[in-house]
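Novice: Once you've had a glance at the structure underneath, I'll fire off some questions.
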Amino acid sequence: MSEQNSVVNAEKGDGEISSNVETASSVNPSVKPQNAIKEEAKETNGEDQKCKGPENAGSTAETKETSNDATNGMKTPEETEDTNDKRHDDEGEDGDEDEDEDEDEDEDNGDEDDEDVDSSSSETSSEDGEDSESVSGESTESSSGEDEESDESDGNTSNSSSGDESGSEEEEEEEEEEEEEENAGEPAIAHQDSVPTNDSTAPRSTHTRNISLSSNGSNTNSTIILVKTTLETILNDKDIKKNSNAQKAIERTLQKFKEFDPQTTNNPHYVDSILVFEALRASCRTKSSKVQSLALDCLSKLFSFRSLDETLLVNPPDSLASNDQRQDAADGITPPPKQKIIDAAIDTISDCFQGEGTDDRVELQIVRALSSCILEEDSSSLCHGASLLKAIRTIYNVFVFSLNPSNQGIAQATLTQIISSVYDKIDLKQSTSSAVSLSTKNHQQQSAIELSEASENAETPAPLTLENMDKLNDDEERLMDAQQPDSIAITNQDLAVKDAFLVFRVMAKICAKPLETELDMRSHAVRSKLLSLHIIYSIIKDHIDVFLSHNIFLPGKERVCFIDSIRQYLRLVLSRNAASPLAPVFEVTLEIMWLLIANLRADFVKEIPVFLTEIYFPISELTTSTSQQKRYFLSVIQRICNDPRTLVEFYLNYDCNPGMPNVMEITVDYLTRLALTRVEITQTQRSYYDEQISKSLSTYNFSQLPLLTSSNLSSSPDVGQVNLLFPLDFALKMVSLNCIVSVLRSLSSWAHKALNPNTHTANKVLLNTTSSARQESRSSLSNDVRSSIMTSNDDFKPTYEDEESRSLSSQNIDADDPTQFENLKLRKTALSECIAIFNNKPKKAIPVLIKKGFLKDDSPISIAKWLLETEGLDMAAVGDYLGEGDDKNIAIMHAFVDEFDFTGMSIVDALRSFLQSFRLPGEGQKIDRFMLKFAERFVDQNPGVFSKADTAYVLSYSLIMLNTDLHSSQIKNKMSLQEFLENNEGIDNGRDLPRDFLEGLFNEIANNEIKLISEQHQAMLSGDTNLVQQQQSAFNFFNSRDLTREAYNQVSKEISSKTELVFKNLNKNKGGPDVYYAASHVEHVKSIFETLWMSFLAALTPPFKDYDDIDTTNKCLEGLKISIKIASTFRINDARTSFVGALVQFCNLQNLEEIKVKNVNAMVILLEVALSEGNYLEGSWKDILLVVSQMERLQLISKGIDRDTVPDVAQARVANPRVSYESSRSNNTSFFDVWGKKATPTELAQEKHHNQTLSPEISKFISSSELVVLMDNIFTKSSELSGNAIVDFIKALTAVSLEEIESSENASTPRMFSLQKMVDVCYYNMDRIKLEWTPLWAVMGKAFNKIATNSNLAVVFFAIDSLRQLSMRFLDIEELSGFEFQHDFLKPFEYTVQNSGNTEVQEMIIECFRNFILTKSESIKSGWKPILESLQYTARSSTESIVLKTQLLVSNDIVTNHFENVFSQEDAFSELVGVFREITKNKRFQKLSLHALESLRKMTQNVADICFYNENKTEEERKHNDALLRGKDIFQDVWFPMLFCFNDTIMTAEDLEVRSRALNYMFDALVAYGGKFNDDFWEKICKKLLFPIFGVLSKHWEVNQFNSHDDLSVWLSTTLIQALRNLIALFTHYFESLNRMLDGFLGLLVSCICQENDTIARIGRSCLQQLILQNVSKFNEYHWNQIGDVFDKLFDLTTANELFDYDPLQQGRKSSVSHHQTTNDTSQHSDDDSNDRRENDSNISETVERAHQEESSEDVGGDMVETLNGQTKLNNGNSVPTVKDELNPKPASLSIPKKTKHMKRNESNEDIRRRINIKNSIVVKCVLQLLMIELLNELFENEDFAHCIPYKEAIRITRLLEKSYEFSRDFNEDYGLRTRLVEARVVDKIPNLLKQETSAAAVLLDIMFQLYLNDDEKKADLITRLITICIQVVEGYVSLDDRTMERSINAWRSVIVEILQGYYEFDDEDFRLYCPAMYALVIQILDKSVPTELRHAIKQFLSRVGELYLSTD
């Protein structure tokens, strides 16, 4: 309850100070607070003032005086000179002041000038004899002639960084430093007050002794009466008698007043100001409180009424010099320096305060009088600089040392009012105008601080630290003061700015005073610190415009910006107080920090992260820090989190800056850690926490200055910080959770405001300005922005708009290019990864660093610099890496050491600095290498210190050992000084180092260990709890010490030490002004969220699961909602998926019994997110819709529906629990299993889950109308989704619908909620454009495909019916030509028909089509195609009813009624034909097939009517037909599909009648309409339709398409024969169109002929003959050439070359006729004939001899085939045995038994296959060659052919025949070859080609004789060949033996007959020429048997011989 009392006291105190302030400023708060003080003085003194009348008159006079008697704002030259005398007066005053204030003052400080305003100068209390908090720092500066000396007495001038000195030691050092500065006579900022530094003579003034401030009569009289009454009262006081000087001065003044008689006309018109002042000053110097009070009261009123001339100069007190203003030093006497009356009055009034012993009434009058001197409306007030500061000091001292709480309050209020008035005097507009003019001179002005730092950095860095910050501030003051020229025009604005600076500096110095560890809150030091901190807070808060303006400068040579001038002091304030354990101090310091963050972060861009990361975050994580500190800091963090611009700019300027800490990331991680803390809390504790949420955490109300009087403060610093009634961690957890949500809310706010920005004009200008222009115009631009904002906003709360203005007003703002920052962040992250690699394995990191550009190369210098300059490296890893012994690492180590500068350092300091950069390894060799290089570097930079480097090396090593020995806890016996001396004997080149030197080293190491400060700091932070535990023991049970506080104080010092190092590094390399990036782009939010979203997710998830209260869970849900919104907006898919997944988990829909209200709220949030962010959810829609499905299930269950009938989709996704549970249960139903087997954990879990029920309360929530409406809106508002989003939505919805169906696949009433919604969504989105519907239906179509083919018919019928309804709606929408949306949405019907074998489904779809056609036929466009494609599938059905319905629908409905509709659609006609084609090919229903063919035939007529011109058609009909044909190629698009339908039926239909009718219909159509076809179309018909009919023949020698010989026989007897004949007939009919494709026809016939099947071959031969003979008269030369080529090809293909190729000896073919024989042999002389005859006789004898041996040989072309029982004449398959026949013998009719007789048992299958293939090939080719010979014979027997064939082609044919004859003759003559073929088992018997030889010879001779007879011109060429062949044949015949070669003789006899008949028909001449040779042979023929035919031929020949020769004889 003490905390609550504290709050009440604080509120009461606030009220008191408020009332006091109100009283003090009741007339005019900003101008006349002295009236209020005057009334307070009356009450305090208890006296009746006698000046009531003059006081009232003075009030009137004051008003008039303000308007009429105000002096000019600018000082006259005389006034400026008048101010030069006050320095010496101040010095004199100080001496008196020292005597009067405290007789026992400590003289160590010399003079009170050396003390600061801060109370800590006297906090040791009066018993020590020190000054009682006289705020003298600033006033004594002026008193010593320096106006504004450097006052920071809290800086530590020592160079030591240990920070171990006590507060008193620091004060003594600071005071000594200030004393030295003042004795040195530094100019400080005296020039800014126009007070000369060393002037000893006051300049002459134009004022006279007797001239005073003139006024009207009434004012003058009132003033005289006031003064006279006061002086008379004083004179009557008994105490005045003790001071003769005062008494005399009063008497002189009264005497002077007596000269003016109010009753006479001698009315005064002026008051002698000096005379009056001297009297009152003398009165104030008395020791009488009453006299002082009266004098001070009079002075207060005089200055309040401005009755005295403040510009007059007066002598110091007790001076004997004249006050004549015109006196000069001509008489040789130097007068003492003079002061202005205002300055002298302030000195006099201030001297009246004597510390704690001062009378209360005097204290009050002092405050009143000082406020009267300072607070005035006139902006030209002369109270500036030192006087102002002295007045402030005095009032401050009254507040601190007064024993009267009321006086303390009044002093505090007055002080606040005075300071506020100082800042109110700064004219921002004037500053702006002056700044604009200055900017034209030099736009690159920098502050003196920056210039000084830059100049110092050029030589040796002067780092900013906490311990030497005071000294740095003093140095800066000197630098700024030195820039002030002696003669510069000081304006009132300059004075106002300088006063503001001085006041701020004074307050900062007071704040910086350290406090003792144990202090009373009512002590002077604490109250002083609190007041100064609150004043600084008020200054910044109430006058933030002054700090924001970069156009307010301190006057000087280099005009320093105001914010830069106070920067170091503000740093000092924060760094000295940020870690204070006192709650009020900590709070106000943190509030100041917040002001910097909220308003000045652009100016303190480098300081803010230092304080946050080095002080506040470490403190907040200390276990010893107070709960108030943690909670209050977290509350400030929450403010940051609530400010979008601050967050974004933190990220840009810190997290994306490689040289800055990741402030944003650190903050979020800190909040996440707190949010993840597991805290158990009772309901009672929670209620306590809820109660205090609305209460303020702060000790004081910061909206106004708190009353800090001693009576209003408690003595204990912990009052008000009572023990919390709830866990601290819980409070932190809840606030951190709020912070996380606030961050998200701010990011979302920034993103959406930026998406629709009302961008500030200045922002646009700024972002559009180039870099150079931005630098030039930065000052003026930022000032204009600030001015415009300030005029429109009176308050400066951190609103969004104000924040933007403030950020823009920074000096160094640059454009925030999102890409630039993204790259910076990526590079920073990459560097962090490289550092992590280095800390783990240093050597692996170097190549990575080079690759990523962090190192330019692997040179030692580059690596060494990187190791020194990079933060975050593990010092141990650096030491190990540098200490490696290989050459590369040693070189890097040397380069590393060479980077250090040890110049001027002692060896210990150098070693200490050196060892701060790495941890020294433990190995001696590594240490040795380090020390060797260190010694070399040290000696090089410090020559003369040691004689050689060895000395430094040994000494360094010795110091390392000493440091380890003295400070290691493991070493008990420490090294003594003597041992250390002995260790270092003779190391300096054989000599000892000086003993004093070594002793100093020893002592320094002993007192200050060399250690890594960073590791020490971290160890201290992590071990703060251990400090408390170490200090506690059993013996201090009764100890009253606060060990936790002591531990915290110890750690806080370490924090300060670390912060000092950070500031040191912060300013080390500063080369110019910092660039601050103001946020303006929405893309920054994306980068931030991508970086931090995992932390957000981690922070929001556990609290929701851990707590059930609405507030906490709603916060988590809000955070998730915003996160999803951000992730969706910026397409951060991983984040969006994760957050949606978390929200889905929060719904907890899988566990019915565990659903709570928070889960229902999660459902609501999820639905709201879906509605608001639907356009960006993409893949997350599925999770959401799955939840919707589960919610609908819960709603059904809540209504009483059995849960088993509504399966859970989510459970079915993993496994069907119900099925698995029931199956497991059913599997264990045996009798013994009931008791013998226990359920497994899985089964128990399934049973428990199955038995869950929904609570009534949750059922009510689940079924609420709000939830139902939200669920419905998900679908009804889908029409508002974008085109891409609706596709994502439908994808998800279809996926969920499929899962629903799968989960209830076997149910009688399957779950189809999502399926129904999918249909509904289609209706809702029916108005979408086709562009959006196309991808939409692509998804839905696939879903319907799956659903409509489901095994559950209920699902299928629902899907089909839904499709039907949707299709009816879609068909109502007009579809333009060229679009195919109807095709798309009707496609699922086709898929369903194709993949569903259910008859009912197919019938239902056919009925749907019928419905479409009957009702929407006119609207159907592209939809015809899927309808007809579907009907094609139904046409293939094996169910007659399906095929029948298809046939009726197509024939009766479509073709009859809607043929033209179909015909007009692209591709639809071909699909219509395809339906008929499929029906014709359906082998089960011949009748339907024939009906379909009939329909096709009729449709052919319809198509012909449409396509071809008919003279009987009207013009309208022609136009109608043209419209139908528009866009169509009548041949390609119309006729070809029709003809192809017939063709396909011909090729594939199984029914013979169908095939035959199709063939007839096709050729009928071709014959009927072929005349309309063009040549190109005919070519296509032939190649695509006609020739493919015979495609089975494309491979020569085999027909393997048919499964059986019966199939082949049927095909041959029907289709092939009929088709070939029709084809030839068609060719003949349309010869003109088809003749150019003769090659194709001939090639087709060649394929027919070259088949093993004898039937096919003979059909082909017959058709070829028919083709040639029917068109013989139409062929041209080209055609005959093609025919010749065909015969060439046929003879070549049918030549059995295998007979020679497979000779085992490979001897090849041997010619049986000598090649030397020429055509002229027959015409040679008889000698040659006789020689030839002899040769022939010998050949004949050989032939006869061989013939006897081969009589039993087998004729391949005749006998072999004939042995097959006439198979070649049948149409029943292969004519020769196959491999299969050989391996698996069949009946004799299908195989050759002789083959297997000679087969070897060990012959492999491969050999058998090869042998049979060879034999088959030989037989087939020989047979076919005989057919070709026969064909030629028949052709030449035709007179037309013989007449039409060109001679060239006829000769070509004779060559073929001659070649065949010679081939067979050569083979027959090579008896050895034939024998070898038998031995090689190529054939079974010795083969011969007798039939081929005789047939070829016969046909050849016949053709040649015809040619001879028909062509007289060519006889000469022909006769020679003819005679040669005839002679050869006859000679061969004659040589045959009648007894042994009867078969050969019989074979050749017909040839001999033909030869003789031919000879008979020779011309007489030719007969005469060639008959002699033949005559001899004929005579030999008679030796043989001569049958009748031969006898008749011989008779004719001999008769012709007789006629020729006998007649001549």
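Glycine is no exception: its Cβ is also placed from the backbone N, Cα and C atoms.
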Novice: Among 252-299, 348-395, 1356-1403, 1836-1883, where does Swiss-Prot put the label region 'C2 domain-interacting region (CIR)'?
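Specialist: My reading of Swiss-Prot: the region 'C2 domain-interacting region (CIR)' range is 1836-1883.
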Novice: Which residue, chosen from THR334, THR460, THR1309, is annotated phosphothreonine in Swiss-Prot?
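Specialist: Among THR334, THR460, THR1309, the one Swiss-Prot marks as phosphothreonine is THR334.
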Novice: Among SER322, SER434, SER782, SER1752, find the residue to which Swiss-Prot assigns the annotation phosphoserine.
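Specialist: Annotated as phosphoserine in Swiss-Prot: SER1752.
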Novice: According to Swiss-Prot, which residue among SER200, SER772, SER1741 is annotated as phosphoserine?
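Specialist: Cross-referencing SER200, SER772, SER1741 with Swiss-Prot, phosphoserine lands on SER1741.
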Novice: According to Swiss-Prot, which residue out of SER447, SER787, SER1308, SER1775 bears the annotation phosphoserine?
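Specialist: Residue annotated phosphoserine in Swiss-Prot: SER447.
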Novice: Per DSSP, ASP940 (Mg(2+) binding site) is which: helix, strand or coil?
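Specialist: Once the DSSP labels are grouped into three classes, ASP940 (Mg(2+) binding site) ends up as helix.
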Novice: Would you count the other CB atoms within 10 A of the CB of ASP940 (Mg(2+) binding site), including those on all shown protein chains?
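Specialist: ASP940 (Mg(2+) binding site): 13 neighbouring Cβ atoms within 10 Å.
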Novice: In the motif 'HUS box' (653-657), how many residues does DSSP put in helix, strand and coil?
Specialist: 3 helix, 0 strand, 2 coil
